[in-house]
Every structure is written in structure tokens, then in C-alpha cells.
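First the structure, in the form of C-alpha cells, and then the observations on it.
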Amino acid sequence: MFCLLSLQHYYQNKLKLAIIGQSQFGQEVYSSLRKQGHRVVGVFTVPDKDGKADPLAVVAEKDGTPVFKFPRWRVKGKPIPEVVEAYKAVGAELNVMPFCSQFIPMNIIDNPRHGSIIYHPSILPLHRGASAINWTLIQGDRKAGFTVFWADDGLDTGPILLQRECAVEPNDTVDTLYNRFLFPEGIKAMVESVQLIADGKAPRVPQTEEGASYEGIQKKSNSKVNLAQPAEAIHNWIRGHDKVPGAWTVIAYEGLKKNRGSVPTGQPLEIDGASQPGLVTNNGLVLYGTDGKALLVRSLQFEDGKMIHASKYFSSGDSASVELTDDEKKMEEEIRNIWKGILSNVLVIEDTTDFFKSGAASMDVVRLVEEVKQKCEGVQLQNEDVYMASTFQDFIQMFVRKLRGEDQEEELATKEVNNMTVKMPHQCFINGKFEDAENGKTYETINPTDGSVICKVSYASLGDVDRAVAAAKEAYDNGPWGRMNPRDRGSLLYKLADLMEEHQEELATIESIDSGAVYTLALKTHVGMSIQTFRYFAGWCDKIQGKTIPINQARPNRNLTFTRKEPLGVCAIVIPWNYPLMMLAWKSAACLAAGNTLVLKPAQVTPLTALKFAELSVKAGIPRGVVNILPGSGGMVGQRLSDHPDIRKLGFTGSTPIGKQIMKSCALSNLKKVSLELGGKSPLIIFSDCDMDKAVRMGMSSVYFNKGENCIAAGRLFVEESIHDEFISRVVEEIKKMKIGDPLDRSTDHGPQNHKAHLDKLLEYCDVGVKEGATLVCGGRQVDRQGYFMEPTLFTDVEDHMFLAKEESFGPIMVVSKFPDGDVDGVLRRANDTEYGLASGVFTRDINKAMYVSERLDAGTVFVNTYNKTDVASPFGGFKQSGFGKDLGEDALMEYLKTKAVTVEY
């Protein structure tokens, strides 16, 4: 009985509706009302245009709903009798008018029992009239919204039924405001309004005339932008116009940019009425208001209809056409069929067929973009691309370039070095494109071998950080990366590793000139291990899995509990300057394999291999927005990443003080997950029963590997007293054999320190050691040659209270202390007497002693009779103030995943 009453109540509160209107919005309102159980007895829409039916008519006809396509409802001010008769015959109880461009007579408006409701895209009584969204932006309103009101005989003056509002973002346009709020929320509001009427709960709130405004429709004749006013007013005028008619010459617009004192480089362009010439830059056309503030125009359309990116204004000629492969030709035919489906009035889609001249409208652009993206998953296509390539031939050329990753013409710094031409991107990499920093600011990256400038690099701003995070979030939430089959994701990472291997000599050369790494080491370790890391984690992509867990059953039912391993979302990665590419690989490979997207900040002094990596990621087919690289200040960019509410994980390698600040910021912002690989003072214990040759060789490597710029470098060597003097003597002999020089010279053992400030810090470190009474056996000075070279240094007689015994040098400085013969526990206490715990080592032939010591050393890694032996499959990370979390191995993958428990009762 209850079910029957409920069913009757359901139908009693539904209405017979007439939908009067058009467009995709009208179609969505129609479909949503039908899903809610209302009966649409008639759809009244506009006639077909160029043989194409309106979207509302297409869906209604498919449903079998009666559809009427009246060209007009009245003639000379009087209703057309046969039109009125056809309308009344459907017997509607309510007229719903989601978007209607026709004038509807009042005897139609008032005919249904409940009258008529209309959707209007402004917060009435503000902006009555036909261009309400435009004027919301033109007037600089801080709030936008819409109104559902009862139709009367005035112009948008009827009683209000429902209103919704939203904030206007600084760079909102008509399109973004409509797509973000007015369209989706408007559909819901229309459905809600109809249900309120059906339930007898719909209000009728009279409109006040206080604050009411009416603005006329915007036409080309009155859309010329006045450039003799402040930048914000110009900004509002441009963004407040649709593409048609558009503010004169401006088609697409990217918003207000504050001129922070750094003027972007570019070619001046005289503009009629402007307070000063515009600048055509790599990012677009910069315009200036009378207040000196700047705004950026992305696209321009000429009077003949041709649209270009504003940065190409002075470019001449078209780019050479690309020759299509067999697979691309198949795609071409599939896309031709998509065009044919949209342009149903065109018999044959030829190369010269123009999308817009064939009758396509803005909704057709959306349909084309979405259908092509669905057919060719992974290609990054935007509405603007269709306007830029409106003929079929141009569209195919543009599509293929995007598919191949050739659509961007990034600026590259080139250098003839190491018997090759290296090409180095030097701009921010955001959403799949290289572009200048928002404010045009740059800085110089220096070759430590001779102090020369390699190139100028973009200096990312806070706005660039926000755009990069937004791109990564969009790629994660809505892009193909999140929907991709894990095995396919692994294939892309394998392809990326292959490309890194293909470019390994170029990557190693860039690493050498940017960081000072010896080329042979850069090739084998910096680059070689990076390639191995990506291949290792590529193999993990389709092996990430949860568990099934037996739990107590909820009798008489049964339960199944299982866990899922899911990606975190947008991750930030901040890496140091000692292994620029390898640190990128250690963190990024695990992050991407887990299915996350990332924003990475390389060290300010070594950005170039990270940017080269970004270029290779495009060629590998990594979707746009998945990888973003921001060179610049750690204090600014790194801090913003720590604070950003849309980032769910931050991985950092660097100093302990900065790690503490990051952890605090991550906690205060949104409790984002953190992993930290921080400072170290790794002890290496050498017992008298060691293999002396090996101990000397590995002891040297433990300190001087990569010029001592090594996070796990042995910060303090403890040598058993009976072999101490022999060990020191042999180390000194080996130091004398080391060749200091150009890192690109294959015979060089020891290259320059990474940057001058670090060299100065190392020299100061040595001065402190001497003053405290440690014995400087050799080194301690800058090499007398151009560049930032330091002599390999050796200190002995270092006592536990000294600065050298406690603080990390991060340079080629061996610090040696002796310990009494046989005092195993004593040397262990001294080795563990540090706040750090990154790595450690022991040399002995006694396996029992080795196991005893390794068990008691308080460090994340213990090397026994070896040192610096890391592997992509072995977890790496520290204890205590050396941080927490792991790089490499399966453990690293877990740093970028979350565990979800699911319990099912059956």
C-alpha cells in the first residue's frame, strides 16, 4: 500500500511541459526534466539552419517528442493564429524557456495553468537585456549569476522564482563563466524550479527597481576597445565580449597581468589609441593601460577571418606541411567522418572545406574537439585550435603535429660543446608547453668550469606556480592520464626511458656544463641511473595492487574486505643541485608510475636537464599537464608549492632546515603528505682487519665521488688506530694522482664545485677546521685556475666536539678520526652521536663484526665492504633529521599511493 501511494505521489507532482527555446543548454534542460519524470508534450524551437537542426530539436525528435520549428510567432505585432493553435493543442501546464531568441506573444506566455518561467544569466534586476553575461564582465562585477523568473509583459521584469550566484574570477571570460557556472548550475536550477512549481512551493518575489540596469546588445559597431584607460578597464572590456563580435581585432584573451617592474622582451607594435606601443612577445601581445599595468592577448583575428596566435603577428609564411604516415592517414579519414557528421549539410569534406564557412557554430567546435579527443585518446586539443585551423587540411596538419609533440616551437639555447650541438629548453614548462615566466623575468645559469653564462632561464613567478598546479590538477581530474590503463602508462614511461637513452650523451653534456659533473660520471650515473629508474618503475605500473583481508562476518550476512592502492593526485617535487637529473628520476618515476601528475622545481642553479627532460616527455607522448617544470627561486616557488591547497604530496631533497620549513608549511596548508631526504653526516668505520686496498679505494670514493657533492658522502671516517697512519698515507698518495680539470675531459677525476657560493662555504668550512685544531694534511684551498675548483682536502685529528665532526661539508673534504683498537661499541657510540642518519659504512673481513655493527648503526642505509652502491630496486632514505620516506624500490612507490579499504556485505 505504501509503495502504491508513493508511486501515485510521484506522478501527481509531475507536470506536462512545453519547452520553448534552443541551443545545447535547452537540450540539457529538456533531457534533465524528462529524467525527473516530467512529461514534455512539445518542443518549440528554431528552424534548421543550413540543413542542420538545433541540438534541442535533434534530441527531442530522437525521443519522439513533438517538435515545432516556427520561424516566428507573430507578424506585425500580432500572434499567428495557426501557430497559437498548434501550441495550444499540446496542452502544456507550464512553459519552460531555458534560452529563447524568439519573441513569444503574451497569450502564449499566459496560456498554461502555471504560466511561463525563463532563465536569465544575471542577478536580476541587474543587467536586464540580451547581453547580460557580457555586461557582468564589462562592468567589472565581483559576482555573477542567473535568475529563473516568471515571465510577464516587461523586459526581464517578472517576479523572481530562484537565483544563484558565484564569484567572478580575475581572468574569467564569457566562455569560462558560462562553462564553469552558468551552464551546469543553470540546468540544475531550471529542473529545481519546475519541481518547486509542481509541488506548489515556488515563490514569486517581485523585482525591485533599485539597482536595476539595462544594457543593449553588443554589436561590432559598438565593440571597439578604448585603449586610453586603465588596464583593468581594458581587460574587462575585452573579456566581456564573445568571439563574435569580439573587441576589435582581439579574439581570445588571457587576462590581467600586473607589471611587476620587469618588462617582457618583444617587438614593439603601434596600436591606435594606446597609451604606449604594445609588445609582441613569445606569450602573445602585451598591452598597457594608462596606469602602466599590463595585460596579455593570446590570439588575434584579422578582418578576412584568419586567426593567429598573437606571438606570431610578425611571422611571415606558413610552416612546412608534414607528411602523414599510414596510421596518420587512417586517423585523417576518421576525422573526416567526424567533420562530415557535424557538417551534415556539406556533401564532401575536401581539404579546403572551412569549418565555420560551412555553418559551424561554437557548440559545433566543442563537439568536434570532444569527438576527436575521444577517437584519438592522448591528443591535447582545445577549442582555440579549431579557430586557428579552420580548414580541414589545416586542422589535420595541426592535429598531426600535436600527436607527434611537434606543435610547439619552443625557444632553445644551443651550444657547440663536447663535439656536439646541444639544444637546451630554458623556459617554464607548463601544461605541455614551454613559455616565458608570467612576468618575463629571467636569470643566468652559470657554467662552473669557467664562470661563463650558459643561457638565460625563465624565473617562475607565483602566478606560474598556480597555473602549473591547475594544469596538473586538470590533467589528473579530467585528462587521459587518470583514465589510462596502467600497462599503457608503463609503455609511455618505457618510451620516455628509451628517449633518455637516445639522448644520453646530450643529457650528460648538459649535466656537465650546468652542474660541473665529470662527463664520464654524468653519463654512467647521473643519466645512466636515471634511465634505469624510469625503466624500473615503468615495470611497476601494472603490478600495483591491494589485498583481500579476512574479517569477522556480520552473520547471517557475509563480508568481503579488500584494499585499493590509489594515486594521491597532484604532487610537488623539489630537487637539489648535486644530481639534477638523477634526483628528478628517483622521485618523478615513482610518482608517475603510481598515476599522479607533478609540478617539479629543479634547483635554481641547475635547471637545464630538468627542462630537457620535459622536452623528451612530450616526445614520449606523456599527456599535457602531467609533467610541469618550474625553474626559479626555492624560497618563492618551493614555498608556494608547500602552501598550495591543490597539492596532495610534496617530495623534497635538500637541507634539514629547509625540510623543516616545508614540513611545517605542508601541515598548516592542507596536511599534505611529505617525504624528506635531508642532510647527512654519514659515518664510515674502518677496522684493522679490513682489505686495505679496498678500504682506501672505497674510502676515497665515499668522500670525493661527484666532487663530494653527494648526500650519502662519508662525512666522518673512523679508522682503527693500528692502521690509521697507513690509511692516511695511502689516501694522500691517491689524492696526488687525481686529475683536476675540465669535466668534459675524459681523463678528469675531479671537476668544479657546483657554484661559487658553495665553493666559498667549503673554504670557510676548512678555515673553521684549522682554527679548531684539526690537522689539515692536504688541500683546503681553491685551485688556481678559472672556475670553481677546490683541492681535494684531508683533515685528521678531528675530535668529537669539533665543528668538522658534527656538520656536513657537502664537498671534497675527508674528515678522519681514530679510535682505539678493539673498541667496537665505543666507535659505534661515536658514529651514532649525530642528529643525522642517512647512510653509514663498515669495512672488516669479520662477517660477525660486520653484522653486529650494521645492526647497530642508526642510519637508513648501511654499506658493508663497499660504498655508494645504490640500486633502483633498493629503498633509499634516512632516519632522524636526515628525513623520512623512501626513494627507489617498491617503498618509493608507496610514497605516492594511498590505501583505500572497501568492505562489501552480501
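Using N, Cα and C of the backbone, Cβ positions are placed for all residues, glycine too.
Lifted from TrEMBL, the feature list:
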{"type": "ACT_SITE", "residues": "HIS120", "note": "active site, proton donor"}
{"type": "ACT_SITE", "residues": "GLU677", "note": "active site, proton acceptor"}
{"type": "ACT_SITE", "residues": "CYS711", "note": "active site, proton donor"}
{"type": "DOMAIN", "residues": "326-403", "note": "domain 'Carrier'"}
{"type": "SITE", "residues": "ASP156", "note": "site 'Essential for catalytic activity'"}
Summary of DSSP states over the domain 'Carrier' (326-403), given as helix, strand and coil counts: 49 helix, 2 strand, 27 coil
Pairwise Cα distance for ASP156 (site 'Essential for catalytic activity')/HIS120 (active site, proton donor) [Å, integer]: 8
Distance, the residue listed as 'active site, proton acceptor' to CYS711 (active site, proton donor) (CA atoms, angstrom): 9
Site of maximum Cβ density within 10 Å, from recorded positions ASP156, GLU677: GLU677
Cβ neighbours within the same chain of HIS120 (active site, proton donor) - under 8 Å, at least six residues apart: ARG128, ALA132, PHE146, THR147, VAL148, PHE149, ASP156
For CYS711 (active site, proton donor), the number of other Cβ atoms found within 10 Å of its own Cβ: 23
